[in-house]
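Quick notes on the structure that follows.
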């Protein structure tokens with residue numbers, strides 16, 4: 001299951017904040033705080049007891065004004081509240097970095113649902129555990145039809161360990177649980193652990209012909225989705241075989257001619273390529289996963305995992321952990337340099353450096369739906385990337401950066417201005433992402449050259465207040 005969301009008990013419970021902190025520490029990626037009868041004062045007191053490092057994983061149902069006070073970037077709208085919002089209001093929330101969700105009761109509502117929403121709860125899928133008489137109205141053998149809605153659809157109502165698999169088979173993107181967790185608050189952590197243990201691969205791998213052996217199923221890597229192979233216990237050959245089976249499954253299903261950009265329907269959709277890309281980094285005090293978690297909690301929703309000087313086998317478990325985190329925040333994950341890893345974990349995108357394989361060759365491995373970006377430093381590089389069918393181009397470096405090895409010649413504003421003029425003259429419309437030592441203060445001048453967006457790493461990681469820095473970046477990119 002890609003997303004496992006917990007909804008709070010509707011009433012205030014004794015010791016509730018402690019339970020919520022333990023749920024987060026146990027791996028909960030998304031908590032919906034739903035307290036319909038609580039005052040703003042009561043809700044503020046509860047939120048104040050949740051550890052600050054976990055608050056970026058919260059979505060508020062009531063008292064949205066508290067979001068800014070606690071650095072919360074998730075807002076949920078009931079059906080009634082949703083209908084009262086204008087499109088301009090929803091767009092403004094998105095532009096300020098909020099992840100917004102809503103509730104629907106019939107699948108047909110997806111056809112009219114604003115594409116501003118990142119995900120929607122649909123329910124009750126099964127007879128509710130917490131609401132007596134709240135029964136499922138879905139037909140027998142129901143399968144999800146999202147219509148034109150680009151976001152995720154989360155199963156709600158009556159979810160427990162026995163029917164979680166059934167929800168997955170209906171093609172839901174995840175499940176939200178309430179009654180199963182809170183029937184006995186003293187047992188909430190154990191119930192969550194039971195549900196979490198049933199999580200499986202992302203959808204891209206769920207129907208693959210590859211099945212794990214019982215010995216592999218019993219091998220669990222902390223922080224990884226159950227089923228991710230324990231590479232520390234496997235030979236190089238078996239790890240390669242596992243990846244190859246994932247790729248073979250995809251390659252047989254998709255015909256992918258060279259020099260063809262990603263799926264046009266995706267390209268025409270909302271946020272096909274985000275304007276802010278976060279690049280993971282590893283330091284003496286922070287891992288790649290730690291940097292990704294920091295960026296997600298700050299508000300970033302386009303994450304590039306860039307691991308250098310490690311093998312494919314070493315990168316794979318990091319990628320599994322990264323996609324688990326990104327799924328929990330509704331974020332897009334892009335894998336740098338490793339097309340087979342990107343395909344195996346079902347990443348949103350792949351980024352290729354100048355020394356990596358050509359874009360058409362990578363497409364033959366990952367399929368036509370995956371977004372592929374490529375690095376460029378010169379006009380010749382840009383022309384090559386456009387000709388190859390790259391979906392976006394990372395152009396840089398803007399200035400010296402310590403996070404990039406083998407740095408290409410620095411471009412600066414003058415270089416960007418000249419290259420963007422050449423792009424316009426040639427009629428090229430591929431989105432250009434500026435990269436390399438960029439700070440929020442640089443963005444207005446960079447954008448004035450015609451650059452579409454920016455990629456950042458150290459500016460966010462080293463910020464005293466990452467959420468405030470993210471907000472400043474978002475404002476500059478508007």
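Including glycine, each Cβ sits where the backbone N, Cα and C put it.
Quick look at what TrEMBL annotates:
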type: BINDING; residues: 304, 305, 306, 307, 308, 336, 375, 404; note: 4-amino-2-methyl-5-(diphosphooxymethyl)pyrimidine binding site
type: BINDING; residues: 337, 356; note: Mg(2+) binding site
type: DOMAIN; residues: 19-180; note: domain 'Thiamine phosphate synthase/TenI'
type: DOMAIN; residues: 277-459; note: domain 'Thiamine phosphate synthase/TenI'
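Location within the structure of each feature annotated in TrEMBL.
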residue	record	Cβ neighbours (10 Å)
304	4-amino-2-methyl-5-(diphosphooxymethyl)pyrimidine binding site	26
305	4-amino-2-methyl-5-(diphosphooxymethyl)pyrimidine binding site	29
306	4-amino-2-methyl-5-(diphosphooxymethyl)pyrimidine binding site	21
307	4-amino-2-methyl-5-(diphosphooxymethyl)pyrimidine binding site	21
308	4-amino-2-methyl-5-(diphosphooxymethyl)pyrimidine binding site	14
336	4-amino-2-methyl-5-(diphosphooxymethyl)pyrimidine binding site	23
337	Mg(2+) binding site	20
356	Mg(2+) binding site	17
375	4-amino-2-methyl-5-(diphosphooxymethyl)pyrimidine binding site	22
Residue 337 (Mg(2+) binding site) to residue 306 (4-amino-2-methyl-5-(diphosphooxymethyl)pyrimidine binding site) - Cα separation in whole Å: 8
Overall pLDDT of the domain 'Thiamine phosphate synthase/TenI' (277-459), taken as the mean: 92
Rounded to the nearest Å - Cα separation of residue 356 (Mg(2+) binding site) and residue 375 (4-amino-2-methyl-5-(diphosphooxymethyl)pyrimidine binding site): 10
Residue 306 (4-amino-2-methyl-5-(diphosphooxymethyl)pyrimidine binding site) in three-state DSSP notation: coil
